[in-house]
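Q: TrEMBL lists these features:
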type	residues	note
BINDING	Asp149, Asn228	S-adenosyl-L-methionine binding site
BINDING	Asn228, Pro229, Pro230, Tyr231	substrate binding site
DOMAIN	8-82	domain 'Release factor glutamine methyltransferase N-terminal'
Amino acid sequence: MKLTLQALWNEGTERLKLSGIGEAELDAKYLLFEAFHTDMVHFLMHRNDEVKDEDSVKRAVADYRAMIEKRSERIPLQHITGSREFMGLEFSVNEHVLIPRQDTETLVEQVLKDYKGKNPVVLDLCTGSGCIGGSLSILGGFSDVTLADISLEALKVAEENARELMQAKWNSVRVTAECRQENPWRLEVSAGLAEGADEKGSVQKITLAESDLFSAFSGRRFDVIVSNPPYIPSRVIEELEPEVRDHEPRLALDGMADGLYFYRRLAAECGSYLNPGGTVYFEIGYDQGQAVSGLLREAGFRGVFVYQDAPGLDRVVRGTMVLKSINAKLPEM
Ligand SMILES: C[S@@+](CC[C@H](N)C(=O)[O-])C[C@H]1O[C@@H](n2cnc3c(N)ncnc32)[C@H](O)[C@@H]1O
C-alpha cells in the first residue's frame, strides 16, 4: 500500500481515537502539518500523492509517528509542539507553565479597551508563560510591564517569550537583557531604537521578577494589576482531563480548598501596590464572580464589575481602588 499524507493522517487519527482523545482528527492533522512543515493548502493538493522516498521525508514520517505516540499518552498538543497562539501572538510553552487559554483573552481585551491610547504601568502577577503581560506590552504598546511569578522555571519561559515578542515587534532594534538581581531573580528585557536614533517615546521594557505575589514589590506602585491566579479547588483537580491533571503544573492550578485562596490574598494586598485610581483585573472561574466581587468590595474597591467570555460565562472581575484622601477619580472607561 502506498504511503500518503492522507494515510498517515488516518493512521494517526485511529491511534489517538484509541487513546480516548476527543479531537483525534484535528490533533493528528495538526501534528502532521508540524512534522512535514506543511499547511492545509498543500495537504489538500497532495494528500493522495505517495510520499517521496527521501531521507528528509522519512524523518518527517518518524517525527510524526513519535508525536502521535506522545499525544496518545495524553501529553498536551502544545507541549509536543512547544508553542501556543494567544491574542494572535506565538508563546513558547513547556511543562512548567499553564498553556494559555482562549478564555484568558477576555481579560487582555478588556484592559486593551479600557486603556486604549494610555500608557499605564502594569504588573502581571502569576504570569506563567507571560501571555497576559506580554500581550499587553506588545498590543497595547505599554512601555513598562512587569511579569511576576513564584516559579523560576515559569519565569524562564516568560523571559524567552518576552525576548521573542520584543524582537519581533522592534525588528531591527536592539533587545537587551540585563540581569539585575539573582536572589530573588529579576531581569529586564528592553527595546529601544537603534544606536544613534532619537529614542524619545520609543523605549519599551518588560521586567521579569521572581515573587510570591507582592513579596518583590515593596514600595512599588502600579496603575494596573492583572492576574490569572490558580483558582481550581484542590479536590476538583483530580477530576480534570489527564492533559491538565498530569501534565500542567499543580502550582498553576491549585486554588486551595475553595479555589479562592489567591483572590483573598490579592484583594487584601493589591490596594497597597496601586496608584490612586489604579485598577485590578482578575481572571476567575465561571462560578466565582460573586465571591471575588465581594472580596474586592470588602477590600475597598469600587466600580467592581464582572465580564463574560465569548461563551457567556463569568470570566473577569475588575475593580478600581479610589484613594479618597488624595481626591482620586475613577478612570474614564
Ligand atoms: C493559572 S496560571 C496563569 C498563567 C498565565 N498568567 C496564564 O494566564 O496563562 C497561575 C500561575 O501562578 C503562579 N503562582 C502560583 N503561586 C504563586 C504565588 N504565590 N506567587 C506568584 N505566582 C504564583 C504559578 O506558577 C502559575 O504560573
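Keep in mind that glycine also has a Cβ here, set from the backbone N, Cα and C atoms.
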Q: What does the DSSP secondary structure composition of the domain 'Release factor glutamine methyltransferase N-terminal' (8-82) look like, as residue counts for helix, strand and coil?
A: 54 helix, 1 strand, 20 coil
Q: Using a Cβ cut-off under 8 Å and a sequence separation of 6 or more, which residues in the same chain sit near Pro230 (substrate binding site)?
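A: In sequence order, the residues whose Cβ lies under 8 Å from that of Pro230 (substrate binding site) (at least 6 apart) are Cys126, Leu251, Ala252, Leu253, Asp254, Gly255, Tyr261, Phe262.
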Q: Return only the integer: C-alpha distance in Å from Asp149 (S-adenosyl-L-methionine binding site) to Pro229 (substrate binding site).
A: 10
Q: May I ask which residues of the same chain, at least 6 positions away in sequence, place their Cβ under 8 angstroms from the Cβ of Tyr231 (substrate binding site)?
A: Gly255, Gly259, Leu260, Phe262, Tyr263, Glu283, Ile284, Gly285, Gln288
Q: Quick test of your reading of the structure: among the binding-site residues Asp149, Asn228, Pro230, Tyr231, whose CB sits under 6 A from ligand 1?
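A: Passing the 6 Å Cβ check against ligand 1: Asp149, Asn228, Pro230.
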Q: Relative to the Cβ position of Asn228 (S-adenosyl-L-methionine binding site), how many further Cβ atoms are located within 10 Å?
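A: I get 27 for this one.
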Q: Under DSSP, is Pro230 (substrate binding site) helix, strand or coil?
A: coil
Q: Can you name the residues of this chain that are 6 or more positions from Pro229 (substrate binding site) yet have a C-beta less than 8 Å from its C-beta?
A: Leu125, Cys126, Gly255, Phe262, Tyr263, Leu266, Phe282, Glu283
Q: Show, in sequence order, which residues other than Asn228, Pro229, Pro230, Tyr231 on the same chain lie with their Cβ within 8 Å of the centre of the Cβ atoms of the substrate site.
A: Cys126, Ser227, Ile232, Ala252, Gly255, Phe262, Phe282, Glu283
